[in-house]
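Some features that TrEMBL has for this protein:
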- 1-25: signal peptide (SIGNAL)
- 147-218: region 'Disordered' (REGION)
- 164-186: compositional bias 'Basic and acidic residues' (COMPBIAS)
- 244-348: domain 'Fibronectin type-III' (DOMAIN)
- 352-445: domain 'Fibronectin type-III' (DOMAIN)
- 448-541: domain 'Fibronectin type-III' (DOMAIN)
- 542-640: domain 'Fibronectin type-III' (DOMAIN)
- 644-737: domain 'Fibronectin type-III' (DOMAIN)
- 738-831: domain 'Fibronectin type-III' (DOMAIN)
- 849-934: domain 'Fibronectin type-III' (DOMAIN)
- 935-1029: domain 'Fibronectin type-III' (DOMAIN)
- 1030-1128: domain 'Fibronectin type-III' (DOMAIN)
- 1115-1151: region 'Disordered' (REGION)
- 1117-1129: compositional bias 'Polar residues' (COMPBIAS)
- 1162-1185: transmembrane segment (TRANSMEM)
Amino acid sequence: MLNPNYYFSLLFQLLVHLPILCVSPQVILVQVNPGEAFTIRREDGQFQCITGPAQVPMMSPNGSVPPIYVPPGYISQIIEENGVRRVLVLPQQPEFHPGGHSPLHHPPPPPHAHLPAFIPHPAMMPPPPHLYPGMAGVQTHKCCPYVPSGSTDSHSQHGRPPFVHRDDRTSKTYERLQKKLKERHGGGGGGQVKESPPLSPHKTCSSPPTADIHNGVGGKGLEVEQELLKLDEEARALQALLSTITKPVVSDVQAKVVVVSWSAPSRPESDGSSVQDSCSPPETFGYEVSVSLSGKDGKYNVMYCGDEISATLEDLRPATEYHIRVQAMCNCLQGSPSEAVSFTTLSCEPDPPNAPRKASGTKNTLVLQWKAPCDNGSKIQNYILQWDEGKGTGIYEQCYYGLQKQYRVTKLSPASRYSFRLAAKNDMGVSEFSEVVDLFTSCSVPLPPFPPELEKAGVTWLCLKWQRPTSSPKEDDIFYILEMEEEGSGYGFQPSYDGDELSCTVRNLHRSTKYKFRVAAYNSEGKSNPSQLVEFITIPDRPSSPCRPVIRGRVLPNSFKMAWEPPKDNGGAEVTKYVVELSEGLSGLSWELVYSGPAMEHVCEGLKPGCSYQTRVYCMSEGGQSPVSHSTLQVQTPAVPPGPCQPPRLVGKPKAREVQLRWGPPQVDGGSPVACYSVEVSGLQSEESREVYQGPELDCSVGGLMPGKTYSFRLKAANKAGFGPLSERCEVTTGPGAPEQCRAPSTTCKSPSCVVVTWEAPACNGAPVTEFRLEWGAAEGSMQVCYSGPGLSHEMKGLLPATNYFCRAQAVNVAGVGPFSEAMLCQTPCSVPAAVSNVYALKESELQRPRPPPLYSPSTCLGICWDPPCDHGSEITSYLIDLGERQPIAIGPVSQHIIQHLQPDTSYRIRIQALNSLGAGPFSHTFKLKTKPLPPQPPRLECTAFSHQTLRLKWGDGPAKAATSDALQYQLQMEDKSGRFISLYKGPCHTHKVQRLNESTSYMFRIQAFNEAGEGPFSNVYTFTTPRSPPAPVKAPKVERLEDNSCEVTWEALPPMKGDPITYTLQCMMGNSEFKQAYKGSSTSFHVQNMQPNSDYRFRVCAIRQCQDAPELSGPYSPTMTLSPQRNDTAAVGGGGAAGSGSRASAESGRARRSLTDEQCAFLLLMVFAVIAILIAFVIQYFVIK
């Protein structure tokens, strides 16, 4: 139910934003709030109720918004925001009072004939949370669906009519009603109804015409709703009409058949004609006829369903009372059942009896018996027994007629077959005959049977069996008498059994005693002679249990030896064998036979190491099996290495160079838990193996394999006793990999500009080669793909003559691309050398390798290098270097040369020409190179400033005096503790400060100048020494007034510096005079006397380092402390001291005032800004807003 205390809405979101009048299908999301329900009708006609919170996807075939049926006191409005239409259900204002609205979760109306209903989207439809309670009573009959009365009651509790299923007949009736509705609107309403949404059949006619905004449609749509509501009233009137059917009329009552007829439902003439219009033809009514066997109020079963007003009911019980009623149906509506009518079926002939059976018989007589069948309401008077007289022709004659239920047939032939059948008769007639039964007569006196045989013997019993005499037919009833005589008893033969069985167990006999037996057969004709005598002996009793077994020797991992003593009582017979049973564990639930024989000791083998076992012994003789020994023998076997594991198995798909293996623990752990596993791998044809894994895990990853190869893996497990044997081999083939490297291709020169390249296919590594790639180029590092395909050769055209070319091949398969082959050099036919392409100057680093040339100077020499040109097949014999004005220089077949005896800082134009046996090639392009100027000399190094930790060094002139074109730079080096010089500075500056030095230490420096011409020589070594460090400053002294003219000054002591003692100097200043030394010594306090009253005194202290081999060094003075004259009120002087009492003076800092800290300044600025902001806000509030 909806809660009227808060707003709620059903949100329909059109996923495709189209105009409202668009008729294309769209998906609409119906949002159902918590506590609400939404009912839809599916395509199969079933109703489904969905409770919130949920979102129901709906599909609109024509793009329109579906109608929303709101509860009383609410209205619906359609709004559109950003292309999304919403249907809001809001509480109605007081001036609107729409009545009769159905609740929100009422079922939707049936689809309009011209407007398809909203269909739940099949792909997004959520499963139904539950069916509406009213749907539980709906049933479907094989002829016509209907709604039982119980369903109507359940719906009436909720104030809503029952739901009904609609079939084809309902659809046709609905179409007929729609056609009638169109005719009432005069033909013009079809288009109006077509554009209207589906209307609710539960709307009442009391809705006010002012609510024209309901569902976004006008007043004409409400008129159509009211018409449909009238149709619903007609349905209820039709149901009332169906309930007026009268009780049926029973006629032509037979024993198993009855004819029932009834009248169609009729309505008084005073009632309206709407129902008659919809169901006027009689064939539109359907009927159900129900029959009850258990009284008027009993259970009724439907025996007829159809459109006729009469029916013939068959398969009834004779002489039985029935109650019958009829129920009318129309358009899937069902009326109330009519009044029940009772009738009783007539009596008839009896049911066919069962076949007679043989009660007894001899060789000339048969005694037959039978049971009475159902008399069907009339008492049975006689039975008719017929037989075929033993002729077997199928012709039967009556041999008995009477009321008895048995009959003796006499004067029959021995061992003959006779066929009989039976019928019953009463006042209504004779029943059908029973099934035919074949019976046999007995034979003559049986012959003596064979002597009995011993089937099984016991201690106090014998089980005997015998055979039926061969001459007696199977139909003859033969009985047997078994007679027994005990040896030495003197009583003779006594009967032990009398019956028709072919076996007998004689009990209560004595142990190990001989008995004589014979058997005789008899039937109704007499008794045969006894059979031959046979003798049987009972078996002895079982012996007692053996003594407790004991262990002999040492217990081995897989075996131990045990022994036992014979039983004290053998049961009257010698013990034939002993049986040893073994149980694993100490539970003793299952036992296994391990030995059976006459010996009294046994070695138990095949045991599991490290396991506990129990053994027990029992013996056997002719008398049977003895009980087991009273106590078991418990044995613990020592542990051994584990047994062989199952071969490791492959996990997943093998990779090209890695496989994943997994295995299980060994079936035999050797009596100790497995601690680790070892995996070994070997090639398929190789016997050598290597370990690739050892650890406690049950899987591992093995890498470093070759693709497409088969490897053999074996596994072994280890426990505290050691490693076990290796498992069987597991052969694994790695996944296909890229092909192997191709061999170097071969080339054949067909002409100076054409070369044929051929290659061979490499190993495919598990996947066939699908493609070859050939790269070709003039250099190894700049080759490009010139061919790609499955061929093994390719022809290269358009090549340069006498040129070196490189080629290499590569194979490709589905697994990837293989590596390139080695580059193959191909030479075209010879020619004169080509021009030198590149000429460049040699770097100094290249000149130093492997050793610098003699008399080399970058100012007078030029080192040049060039790329050897293509010799076009003929080896280059020499090069010619042209310097322009100078004579050309001829050199050998080298690729670099140092040109000497040049002018410093001079430019030269250089050309190079290559020569071979075929001639001289063209000159190269002209290259311009320049010699460097002469390198600079080192400057003079000076120390301009020094301290105990730093040295400031200066050299040469300042940067302003240096030539800008010279780009002169310097390198300063210092000698470290190991005697090597390390670089401190490298750059154009003329000064450098060396820091982090030690006091009173000598340091050696040297300097070098360099420019574009090269590095100049190093200067001489300069030595500079750091002075001693002065003492650290002393903290401000503490001054304490002792008397009016004396005080005591104290300060903190400093530790000695590298063994040098520390002394102190105390200076005092009275008033504004100068500081004078008041004390000098090693003490840390001094008593000042003879002070003038009413005068200010200032004190400061400095430390003095007493050097052993140098003058003393004074440190900086401490902050000044002031001693003011004694006053009545004690206050801090200068803001730096704390107030004292009595004779304690106040000390202050040397500063009279102390500046504010950063935190105080920030806080002060924050307060100023806060005050200004408050003032601005007040001004805006007072002058602007008001």
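Please read every residue number as a count from 1 along the shown chain.
Backbone N, Cα and C define each Cβ position, glycine as well.
Heads up, TrEMBL stuff is auto-annotated, nobody curated it.
Across the domain 'Fibronectin type-III' (244-348), the DSSP tally of helix, strand and coil residues reads 8 helix, 41 strand, 56 coil. Per-residue confidence over the domain 'Fibronectin type-III' (352-445) averages 89 (mean pLDDT, predicted model). The DSSP breakdown of the domain 'Fibronectin type-III' (738-831), given as helix, strand and coil counts, is 3 helix, 45 strand, 46 coil. When the domain 'Fibronectin type-III' (1030-1128) is classified with DSSP, helix, strand and coil residues number 0 helix, 49 strand, 50 coil.
Here the domain 'Fibronectin type-III' (542-640) is broken down by DSSP into helix, strand and coil counts: 0 helix, 43 strand, 56 coil. Across the domain 'Fibronectin type-III' (935-1029), DSSP helix (H, G, I), strand (E, B) and coil residues number 0 helix, 48 strand, 47 coil.
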